[in-house]
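*Asks:* Before I ask anything, let me first share the structure, which is written out below as structure tokens.
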Amino acid sequence: MRAFIAIDIGDNVREKLVQAQDRIARTKAAKIKFVEPENLHITLKFLGEITEEQAEEIKEILQKIASKYKKHEVKVKGIGVFPNYSYVRVIWAGVEGDQIIKSMANDIEKELRKLGFKRDKDFVAHVTIGRVKFVKDKVEFMLTLKELANEDFGSFTVDAIELKKSTLTPKGPIYETIARFELKD
């Protein structure tokens, strides 16, 4: 199965991110494949194809890591892009107060390396909201992104780490939670 490790976001934040998606879409300045509202999340680690056996080992690791960390608030704020503004491929919302998330991601990275997973590039906590296919009107597109650069999308409580399965379909990916590991109170 194709899988990844993620943090689900709060519904209040989800609603505001959908409003930002709508605002960007209304400009018609770029062709963008927006992430479906129910699929918005913070990726801690993309795993790719894994076996059932690996999934079981990963669950044990996530259980251990989740038990080390407390539930905590984070703020989702500002719109940014990957790789850069002259060549936009991904539009994302930033995460403030993400030191604990970074620490969790590093722990996951370390443990999974022992299982033979390759190291990701440096972790940046973010919520991908869309993937850019092509830009029609660069000026208008940049203007809209700049207007959203400091937008506040609200806060939510990080309360669990999830192992998710991703099934690719012609309509887009379908995510399913395989296992959920609660953080400490």
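Cβ coordinates are placed from backbone N, Cα and C, and glycine is handled just like the others.
Remember, TrEMBL labels are computer predictions, not curated facts.
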*Asks:* Which one of these stretches, 66-69, 126-129, 138-141, shows up in TrEMBL as motif 'HXTX 2'?
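*Replies:* Going through 66-69, 126-129, 138-141 one by one, TrEMBL gives motif 'HXTX 2' for 126-129.
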*Asks:* Can you say which of 41-44, 93-96, 121-124, 161-164 is given as motif 'HXTX 1' in TrEMBL?
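*Replies:* Motif 'HXTX 1', as annotated by TrEMBL, spans 41-44.
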*Asks:* Between HIS126 (active site, proton acceptor) and HIS41 (active site, proton donor), how many Å separate their Cα atoms?
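*Replies:* Per the Cα atoms, HIS126 (active site, proton acceptor) and HIS41 (active site, proton donor) stand 8 Å apart.
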*Asks:* Give the sequence-ordered list of residues that share a chain with HIS41 (active site, proton donor), lie 6 or more positions from it, and have CB atoms under 8 Å from its CB.
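*Replies:* Result: ALA6, ILE7, ASP8, ILE9, VAL127, GLU162, LYS164, TYR175.
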